């Protein structure tokens with residue numbers, strides 16, 4: 001495999017022709033998603049017409065999914081977010097890495113598998129979990145937990161009954177088999193997601209600080225080793241078709257590719273094999289095979305190696321790749337997205353030990369190539385050179401577009417349609433009926449039907465899990481631990497994408513701090529419609545600007561993330577849906593704060609200000625089908641202060657429960673905390689206050705906490721000294737025959753609340769979880 005490669009095999013006519021009508025018929029680049037300009041750029045880069053294999057490689061690597069060609073100009077501002085002392089690896093690698101102390105580092109990232117999960121819900125969701133787990137593994141970490149932010153069409157829509165059970169079963173089936181607890185996430189229903197469900201997955205892992213891996217292929221003469229499953233035709237076109245194209249009005253892509261097929265057992269042994277390789281220091285570089293398969297792994301590792309300044313390049317023989325189907329062509333082998341595969345760079349001295357270790361684990365390991373100093377990626381197939389390209393042209397130097405932006409034409413009318421004109425409940429009976437209707441609505445009801453299909457406590461390190469505000473994991477015997485939460489609100493972002501992104505970050509931070517953890521890093525998954533629509537791109541630009549601004553003001557680094565475009569059916573895009581994940585840190589997880597009210601007599605305190613804010617609210621949507629107005633105001637300084645008070649109160653042992661207020665307002669939070677802890681609550685609203693606003697407003701920057709009576713004055717002084725509004729709204733009552741009693745308005749027994757809250761999803765999707 002050494003020496004000067006011959007030119008890739010093409011016909012003399014193809015070599016002579018330049019781009020234009022003469023080559024269009026022979027090279028179907030448009031069908032592969034490339035534009036005329038992009039094709040001409042490829043020809044100019046190579047100085048010739050590309051081979052079929054090269055054309056396939058450029059088509060997937062320059063797809064929206066791989067190249068970020070429409071989003072890159074806006075994502076750059078995330079690099080300006082604070083680089084804290086804890087940040088070890090930021091944007092640019094497979095996942096961000098932060099130092100959490102005690103010689104440990106944590107890596108986490110959220111990605112999407114939206115389009116495959118609509119086509120094949122079970123496999124799409126399962127392989128979405130598998131892919132994000134391998135991203136975490138690639139950094140050198142042991143995966144330890146999963147979160148799954150999900151969005152579906154209307155809860156009673158026929159296709160939701162097809163998609164949701166399959167997605168949930170896929171996540172549970174794959175994650176449970178890997179032995180990974182699913183500790184958090186979201187389930188949201190809205191008709192805009194009917195043809196485009198959002199299946200986002202976050203994984204978190206832990207490792208020794210000194211074991212961080214990189215993807216760079218360096219060291220001339222080092223071996224290129226393919227680990228894991230054999231390569232088949234599953235997933236071919238998954239990137240170039242599914243993640244970079246809209247669905248047609250019939251509910252599917254115009255070109256239907258093969259969705260990847262997952263095997264969690266193979267992934268499990270691959271994880272253990274790779275972790276032992278890392279522990280023994282047997283690899284110099286590592287990359288998972290996900291979107292675009294070998295094409296992406298080979299080009300990214302080679303380009304990363306060259307970027308280090310060391311001599312770099314790679315030669316690969318595809319005949320050595322273990323195949324499931326012997327009839328596959330070169331471009332199919334390169335584009336296959338078969339799951340459970342990794343690419344390792346190994347020194348010649350370590351190669352025998354690597355192969356022996358893989359054999360012991362039952363993992364297929366094959367030396368398929370060599371690191372060179374040619375500066376090029378050369379691929380042979382049946383003895384002929386089919387690829388000879390500069391790897392950076394694929395991995396780093398693809399097209400970058402500054403697409404036109406246009407404020408949505410209907411936005412002013414949408415914002416002017418404020419919910420203030422909607423009929424509001426004014427009597428105690430009407431408030432009672434509204435509360436019962438709200439807590440039974442698809443977006444506010446219990447998620448137990450979903451979460452009970454996941455193993456939330458496997459590995460015995462889960463401290464808190466759904467339905468808590470954040471998932472909490474123990475990292476060491478000392479009590480060191482982390483909290484994770486994901487949040488997003490498409491309705492808020494539809495009304496104001498800048499504020500909507502900031503509200504998503506603010507809520508994720510509140511969830512983490514309500515559990516008692518200090519936020520230290522952010523990841524994001526940006527789900528939007530077609531980038532070819534100027535109105536969608538305006539929404540995207542606004543959301544990026546809002547999120548970057550909020551991260552800077554809160555002092556949080558963005559460690560990485562994902563962009564998912566083309567989430568629309570025909571000309572109808574989804575709501576702009578930035579999903580934000582926040583990582584928090586505990587010194588001692590035994591000091592975590594749950595949401596449940598458990599101690600009779602505890603004072604219930606409301607932190608923050610309540611305003612008449614119902615734009616984009618769950619009340620307006622669930623009771624009136626209304627979307628309009630402006631979302632709640634976001635005050636990032638207040639959010640930061642609230643978080644500091646919640647974390648401080650937790651560490652000082654002043655809180656027995658804490659719950660952030662978001663969708664559904666105070667009423668929803670009280671119901672969830674009462675049911676979680678099995679105790680009632682007696683609430684007294686301020687004299688002369690509007691009971692409806694007090695109970696259902698979605699004002700941001702608020703939380704309800706339970707404080708032992710003996711600590712109430714101390715906690716109130718803590719809030720007063722820092723300038724955080726704090727007022728007592730009630731007390732926790734007994735658990736036997738308890739109720740949620742709002743003085744002067746209504747009382748609802750816990751049993752009635754539980755029946756309303758827990759019955760919706762089983763009724764819609766079946767009793768068997």
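Glycine too: its Cβ is placed from the backbone N, Cα and C atoms.
Residues annotated as active site in Swiss-Prot, with sequence analysis given as evidence: 65. For 113, the entry in Swiss-Prot reads active site, proton acceptor, with the evidence type sequence analysis. Marked as ATP binding site by Swiss-Prot on the basis of sequence analysis: 68, 109, 524, 561. Here Swiss-Prot flags 111, 562 as Mg(2+) 1 binding site. Look at Swiss-Prot and you will find 112, 113, 114, 115, 134, 260, 337, 338, 339, 564 tagged as substrate binding site, backed by sequence analysis. Per Swiss-Prot, the feature Mg(2+) 2 binding site maps to 135, 288. Per Swiss-Prot, compositional bias 'Polar residues' is recorded for 1-13. For 1-30, the entry in Swiss-Prot reads region 'Disordered'.
Here the features listed in Swiss-Prot are placed on the structure.
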residue	record	contacts (Cβ under 8 Å, 6+ apart)
113	active site, proton acceptor	124, 125, 127, 128, 131, 199, 200, 201
134	substrate binding site	267, 288, 289, 290, 340, 342
135	Mg(2+) 2 binding site	94, 95, 109, 111, 203, 288, 290
339	substrate binding site	127, 130, 131, 229, 234, 235, 260, 261, 262, 263, 266, 267
524	ATP binding site	110, 547, 558, 561, 562, 578, 579, 580, 581
Densest Cβ neighbourhood among 111, 288, 337 (binding-site residues), 10 Å radius: 337
Fewest other Cβ within 10 angstroms of its own Cβ, chosen from the binding-site residues 112, 114, 562: 562
Cα-to-Cα gap, residue 114 (substrate binding site) vs the residue listed as 'active site', nearest whole Å: 12
Binding residues 68, 109, 524, 561 (ATP) - maximum C-alpha distance in whole Å: 17
Rounded to the nearest Å - Cα separation of residue 337 (substrate binding site) and residue 68 (ATP binding site): 19
Cβ-Cβ distance under 8 Å to residue 68 (ATP binding site), same chain, at least six residues away: 75, 563
CB-centroid shell, 8 A cutoff, ATP site 68, 109, 524, 561, site residues removed: 75, 91, 110, 111, 523, 525, 526, 558, 560, 562, 563
Cβ atoms near residue 109 (ATP binding site) (within 10 Å, other residues, all chains): 26
Cβ neighbour count within 10 Å of residue 65 (active site): 26
Cα distance (Å, whole number) from residue 65 (active site) to residue 112 (substrate binding site): 10
Cβ neighbour count (within 10 Å, all chains shown) around residue 561 (ATP binding site): 25
